[in-house]
Ligand SMILES: *Cc1c(COP(=O)(O)O)cnc(C)c1O
């Protein structure tokens, strides 16, 4: 079993994370429970920052907060000197409430509303990543009305779509995001931005996919963006101060995944940009990135209590836990795979193969298929690893299940950062009909 970060097994066979026994955590906070190994998050954050520093490149590392957003994680990212990528008024509100420095907040998203843009401008966010012509018009209007300058990056689609283990190059990229680089949309957006009095165009942005295991896509995207920027420098005198290459760095969920170290993505990107700009006699821009999954993914563990089981003779054994697609929809949504162990028997050898079902009323509510486990019984604790990204942030109240609490563990201490939802919370928005 691959243990991530500070995870270890103590002499009682209990899974420990951050120096805290998960059996004790279950007793104190109940299950299902999200546990974050914050030392591991800090290590990842420092890793990204240090690589840029070593190579002498000005950078901003912005945590893509959609991977897991709450006030505590924003405070942690602030402590680590990261910037923040938000994609909605709600994420922005949470970040501001956590007193995240607004000048380090970048606002992404393909359909920002007028009121979201106004909130971003009034709170002086660092930049807005403009996605489309509608937004560009809206932002020109609002900034002119308020006579407020706003720094802008243009999100472009470079015609490179990266998948987990491969990437495709398409002439005309079919994506809901961004200005197309090939067909002249991006160029038109550059022109319009430069003409707009209160828009200060500082650079270009792209994000080519997620859970990517190769550097090729990033390098191609970087080269393409510099190539276009060079054309626009000649045509319009526009030089990008910033090239933002987005996020998408892959992590290890199971033994099928073989990620490269995060620093390698950064190194190869920097080299590609350096090469392209020096070949054209351009200034080296700042390089910004937006990792989400690779900062928090493997730092998160979900802890469940095992309840019922069902054996279909000769076919399969199901074990059901007290959560499921309501706290982790990724397996149901895109067949995401996870590794897991029994947290109170973490040193026992697997003797059985079981499939882990959730408790929601959907046959598709499965967390793991064909998992090797020691013999488990009701009351045992199941720890599912690597659930830190797009787990809690996609949690929902299907079947009116309360969302689990979240604890941060580090140096033998646990801190509750999101409490468990109550039944009262669930009915809090409801109004009686009569
Ligand atoms: C989702 C997203 C990210 C983060 O992606 P990860 O795969 O979690 O690193 C970064 N930038 C943008 C624009 C995104 O939409």
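Cβ from N, Cα, C; glycine included.
What TrEMBL lists as domain 'Orn/DAP/Arg decarboxylase 2 C-terminal' is 34-388.
What TrEMBL lists as domain 'Orn/DAP/Arg decarboxylase 2 N-terminal' is 40-296.
Look at residue 66 (N6-(pyridoxal phosphate)lysine): DSSP puts it in a helix. Long-range C-beta contacts of residue 66 (N6-(pyridoxal phosphate)lysine), restricted to its own chain and to partners at least six residues apart, with a cutoff below 8 Å, comprise 85, 87, 91, 292, 390, 393. Residues or ranges marked as N6-(pyridoxal phosphate)lysine in TrEMBL: 66.
Look at TrEMBL and you will find 248, 290, 291, 292, 293, 390 tagged as pyridoxal 5'-phosphate binding site. Note on residue 291 (pyridoxal 5'-phosphate binding site): other Cβ atoms within 10 Å of its Cβ, all shown chains, come to 27.
Look at TrEMBL and you will find 293, 330, 334, 362, 390 tagged as substrate binding site. Under a cutoff of 8 A between CB atoms, and with a sequence separation of 6+ in the same chain, the neighbours of residue 293 (pyridoxal 5'-phosphate binding site) are 64, 67, 210, 211, 247, 248, 249, 250, 251, 389, 390.
In sequence order, 399 make up the list of same-chain residues 6 or more apart from residue 361 (active site, proton donor) whose Cβ falls under 8 Å from its Cβ. Residue 361 (active site, proton donor) falls within neither a helix nor a strand when secondary structure is assigned with DSSP, and so counts as coil. Residues or ranges marked as active site, proton donor in TrEMBL: 361.
For the pair residue 362 (substrate binding site) and residue 290 (pyridoxal 5'-phosphate binding site), the C-alpha distance works out to 34 angstrom. The two recorded residues, residue 330 (substrate binding site) and residue 291 (pyridoxal 5'-phosphate binding site), show a Cα separation of 18 Å.
Non-local contacts of residue 290 (pyridoxal 5'-phosphate binding site) by the CB criterion (under 8 A, 6+ apart in sequence, same chain) comprise 62, 63, 64, 85, 106, 108, 207, 244, 246, 247. Checked against ligand 1, the binding-site residues 291, 330, 334, 362 give 291 as the ones with a Cβ under 6 Å from it, listed in sequence order.
In this structure, residue 291 (pyridoxal 5'-phosphate binding site) belongs to neither helix nor strand by DSSP; it is coil.
Cβ neighbours within 10 Å of residue 362 (substrate binding site), excluding its own Cβ and spanning all shown chains: 14. Cβ neighbour counts within 10 Å, taken over all protein chains shown, single out 390 as the most crowded of the binding-site residues 334, 390.
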